[in-house]
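Chemist: In case it helps, Swiss-Prot gives these features for our protein:
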- 93, 451: Cu cation 1 binding site (BINDING)
- 140, 453, 510: Cu cation 3 binding site (BINDING)
- 43-159: domain 'Plastocyanin-like 1' (DOMAIN)
- 170-323: domain 'Plastocyanin-like 2' (DOMAIN)
- 408-531: domain 'Plastocyanin-like 3' (DOMAIN)
- 48: N-linked glycosylation site (CARBOHYD)
- 89: N-linked glycosylation site (CARBOHYD)
- 199: N-linked glycosylation site (CARBOHYD)
- 215: N-linked glycosylation site (CARBOHYD)
- 251: N-linked glycosylation site (CARBOHYD)
- 311: N-linked glycosylation site (CARBOHYD)
- 342: N-linked glycosylation site (CARBOHYD)
- 349: N-linked glycosylation site (CARBOHYD)
- 388: N-linked glycosylation site (CARBOHYD)
- 395: N-linked glycosylation site (CARBOHYD)
- 405: N-linked glycosylation site (CARBOHYD)
- 430: N-linked glycosylation site (CARBOHYD)
- 1-35: signal peptide (SIGNAL)
């Protein structure tokens with residue numbers, strides 16, 4: 001089947017090193033779009049913010065936490081000029097944007113660009129092609145995304161509606177996050193130095209607000225106002241650093257209509273689970289005669305970790321209008337019944353409900369034939385402690401994370417500029433790939449939300465235990481599998497995805513738990529140029545940051 005057991009070094013592949021041949025001729029083709037050009041400016045600066053009665057200076061975009069909402073239409077060109085006024089290096093990723101032929105705008109530091117240094121600037125310039133729905137943007141350097149994130153809403157083209165009944169109104173997007181009283185850069189730096197697990201967050205947040213279940217936080221409660229008997233569109237984004245989250249609204253049923261900016265067959269649920277990096281669009285139908293003026297919206301963690309984790313519940317308020325009821329306390333709020341923190345069955349049942357529309361207008365273009373079969377093991381492990389150091393990981397080791405037992409080491413220059421010397425997996429243009437991600441239990445079974453840059457993929461199968469290459473493919477869904485950019489490898493299980501490698505460039509794939517990313521759970525695909533000018537990478541921009 002040609003399944004690689006280890007990552008291949010692109011330096012040994014002459015075809016891989018030819019993939020940037022377009023640069024030799026610099027085919028600076030104009031970007032054709034019928035949409036508008038929308039300009040935004042990001043001034044990245046330190047700002048004092050107070051939560052849980054703790055004031056600290058955090059990185060922000062334009063002084064906002066969370067950052068500004070970006071709104072475009074399908075087909076628009078988005079130009080974001082970033083000015084870094086901090087001492088930290090920074091880069092920004094436009095999570096879920098395909099960046100066709102334009103990896104220079106993708107954003108992960110040392111993969112597609114060197115980071116923007118303090119005092120420097122860079123313009124992210126890209127066109128949103130063939131996508132509509134809810135995505136988001138975030139920093140992609142160290143743990144800076146704990147504060148640097150915001151929604152990216154892609155409206156359908158003018159004149160195009162939704163493939164579901166038009167809602168009465170759209171509610172503001174809700175971004176789930178984590179708040180640390182400590183400096184998060186100090187948290188991860190200490191963990192990497194000692195080899196121990198990092199300290200956990202102090203609270204979960206709704207749009208940066210912890211809510212009334214935490215001490216000194218009642219005034220920092222996020223509220224959503226609705227009217228009785230209406231249907232609203234609600235966009236959810238899990239921007240938490242290290243936690244998958246359950247979500248529910250007391251006494252309300254939700255209808256899921258989109259996942260990762262891809263429409264799905266609508267289904268109802270009282271409780272959702274959403275992994276870091278994932279987005280969902282919901283229809284919320286309010287009660288015609290509500291029994292209470294206010295209801296709790298709650299998030300709580302899902303995890304099977306053997307270590308410590310933030311086992312708290314954050315609450316926001318759904319407030320029916322007109323009402324003057326106080327929503328700052330939590331004693332009288334009806335709370336939604338969320339599953340127990342380690343309820344893997346609830347997660348599996350929810351995940352199994354996702355199906356693509358698979359209609360003529362929104363087809364599921366899942367590859368039926370496969371050119372390349374790849375099996376990657378993903379999980380946690382340990383590295384030996386250096387001889388001159390005392391380490392605080394298991395049995396005096398250092399925590400590590402890996403794909404196929406290889407922990408990714410951050411390069412000193414961007415892979416997109418020097419990919420021939422780095423460990424990547426090369427793919428010929430237009431290769432159809434089946435990727436099986438198998439979880440391991442070396443340091444305990446955990447789920448791993450894997451995010452792929454540059455592509456969406458179809459989730460054709462998943463299960464518990466070890467993947468069976470003989471029998472499991474017979475149960476694949478090749479008719480209407482869900483299309484996503486982030487999928488969670490089940491705890492103690494596997495997931496199979498398929499995608500078409502039709503986007504030339506170097507594309508990162510990594511666990512969206514930032515602690516696992518910091519420990520090395522990532523890799524990169526190198527997709528070679530195709531034969532046609534329209535299948536080759538665009539040349540680098542003149543202001544590309546230098547390392």
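First residue shown is number 1, and so on along the chain.
Including glycine, each Cβ sits where the backbone N, Cα and C put it.
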Chemist: Out of 140, 395, 453, give those recorded positions positioned within 10 angstroms of residue 93 (Cu cation 1 binding site), comparing C-alpha atoms, in sequence order.
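Modeler: Final answer, ordered: 140, 453.
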Chemist: To which of the binding-site residues 93, 140, 451, 453, 510 does the lowest count of other Cβ atoms within 10 Å belong?
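Modeler: Counting other Cβ atoms within 10 Å of each of the binding-site residues 93, 140, 451, 453, 510 gives the minimum at 451.
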Chemist: Need the DSSP three-state call for residue 349 (N-linked glycosylation site) to compare against my parser.
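Modeler: SS state of residue 349 (N-linked glycosylation site) = helix.
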Chemist: When the pLDDT values for the domain 'Plastocyanin-like 1' (43-159) are averaged, what is the result?
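Modeler: Summing pLDDT over the domain 'Plastocyanin-like 1' (43-159) and dividing by its length gives 98.
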Chemist: Near residue 395 (N-linked glycosylation site), how many other Cβ atoms are within 10 Å of its Cβ?
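Modeler: Residue 395 (N-linked glycosylation site) is surrounded by 7 other Cβ atoms within 10 Å.
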Chemist: Check each residue in the chain of residue 199 (N-linked glycosylation site) that is at least six apart in sequence and keep those whose C-beta is under 8 Å from its C-beta; list them in sequence order.
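Modeler: Within the chain, residue 199 (N-linked glycosylation site) has Cβ neighbours under 8 Å at 180, 182, 187, 190, 191.
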Chemist: Count the Cβ atoms, other than its own, that fall within 10 Å of the Cβ of residue 388 (N-linked glycosylation site), considering every protein chain shown.
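Modeler: Other Cβ atoms found within 10 Å: 5.
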Chemist: Going along the chain, which residues six or more apart from residue 48 (N-linked glycosylation site) have their CB under 8 A from its CB?
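Modeler: Listed in sequence order, they are 55, 56, 57, 58.
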Chemist: Which residues, same chain and not among 140, 453, 510, have a CB within 8 angstroms of the centroid of the CB atoms at the recorded Cu cation 3 site?
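Modeler: Nearby residues not in the site list: 93, 106, 107, 108, 111, 451, 508, 509, 517, 522.
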